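**Q** What TrEMBL records for this protein is below:
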type     : residues : note
ACT_SITE : B:Ser117 : active site, charge relay system
ACT_SITE : B:His158 : active site, charge relay system
ACT_SITE : B:Glu185 : active site, charge relay system
Number of protein chains: 2
Amino acid sequence: MGGAAGDALLGRFVELAGAAAARVVVIATASGSPETAEKAYLERFHALGAGEVRALRLTSRAAANAPEAAAVLRKATGIFFTGGDQERITGVLGGTATDVLLHELVDSGRVVLGGTSAGAAMMSGTMITGGDRTGVAADSVRIGPGLEFLPCVLIDQHFAERGRLNRLLSAVAQYPHELGVGIDEDTAILTGNDGFEVLGSGAVTVVDAGAAADIRVPPAGPIALAGARIHVLPAGCTFHLTGRRPVTGPPEPERERAA
Amino acid sequence: MGGAAGDALLGRFVELAGAAAARVVVIATASGSPETAEKAYLERFHALGAGEVRALRLTSRAAANAPEAAAVLRKATGIFFTGGDQERITGVLGGTATDVLLHELVDSGRVVLGGTSAGAAMMSGTMITGGDRTGVAADSVRIGPGLEFLPCVLIDQHFAERGRLNRLLSAVAQYPHELGVGIDEDTAILTGNDGFEVLGSGAVTVVDAGAAADIRVPPAGPIALAGARIHVLPAGCTFHLTGRRPVTGPPEPERERAA
């Protein structure tokens, strides 16, 4: 979720986690004030019908390596990461027993992993950790490794709202094997076997620099990027990672096409 | 020029207009305070070595239809439009004797026509007159006909600085025959027979929605746009309108490629 997620998106997460049978764990590691963030999401998930909701406070690597954390996570059907600073998530959880367990639980299909804003960014193979939006250049973006729940994908969030296309272009021009995925606020990608479906009120902008015929990245100054592909995908669209191919939804009814 | 043009770009304009032999006419119709804009550009063009520089104050359609305006323009080797509001230019000059004469002078190659910000936008076949940058949607952009010095091109300016890609995407998704050209500040396109060269310190972002396999524009809500092409072109790159093809400059020297 690209930040500012509404009830429709959070409700879908609860539903996927089992609705009344869901056991949701909220992790606010990214937040500077985890207590506030936990409280807000516990209330919202309760209101949206989740059976059980609890917070798991992980603000140190010691906590993330403790058996208590694993015990809580093993009982979960849904795990949700709040927004904040994605580098707090990688710094506190990266390489810990919690990190390993989360991958195990997600890979086995035993939990639904959700996150918004920083909680979405950290799922990337490579995440954007900062950068301005003036110009496409090597120094217009800072990147770092994410927790790699989505390898070969580079997620940016609050995408349209903060005018972040240039920083996403700056990142994928340097690493064209990473697919750039910019998620608007109140918008999400729901990942499946080979790609994702778009949900929510905004759009997901996909930048495929793998298609570029020529890319030149000088150490300073503007990048040249020729022939990249861009897709703007609102709810209902899907994207296949194999072949990097968008599908914009079912064809419109004949009567509309004839109008 | 995409706004905030530095001396290198304005100097190139003076040079193309004939340097010491140049007779430059400044038209500040777009500006809300034309006197200030005229004064600033007269000083800068003088300092950059233009032989003669004068302003032509066109703030009414009567003035734009008067023979005095034509007399001034016929003596010019360079005509420069300042920034401001592009709709003032089309409102005051559109369809007047000045408009007709400007096309005649440009088509015959007798003058170099330059402009910055609004003065560049108005040269488009279709110009963007407003819009926000949140989301790619039909109502995210307002457009209107430009004075069509560059048919089939839709210019946006202050491009990276104001995060305008979404409004450019919103425009070309609706009119994919128009090539979207976003010019950064202190950056310009120099048009030739079949396309343009990029000059200046920033980049020109070209969006080619003609390449899109599928475009869906609902009356409200986000647009779906699949398979558009995007090129980010800094100084030294050229773009051919025929075939909508970018050239990113001469190949790098062998030793660099081997490094």
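Quick reminder: no glycine exception, Cβ is built from N, Cα and C everywhere.
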**Q** Measure the Cβ-based neighbour count of B:Glu185 (active site, charge relay system), defined as the other Cβ atoms within 10 Å of its Cβ.
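**A** Other Cβ atoms within 10 Å of B:Glu185 (active site, charge relay system): 23.
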**Q** Roughly how many angstrom lie between the C-alpha atoms of B:His158 (active site, charge relay system) and B:Ser117 (active site, charge relay system)?
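**A** About 7 Å separate the Cα atoms of these two residues.
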**Q** Among B:Ser117, B:His158, all listed as active-site residues, which has the most CB atoms within 10 Å of its CB?
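**A** In terms of Cβ crowding, the pick is B:Ser117.
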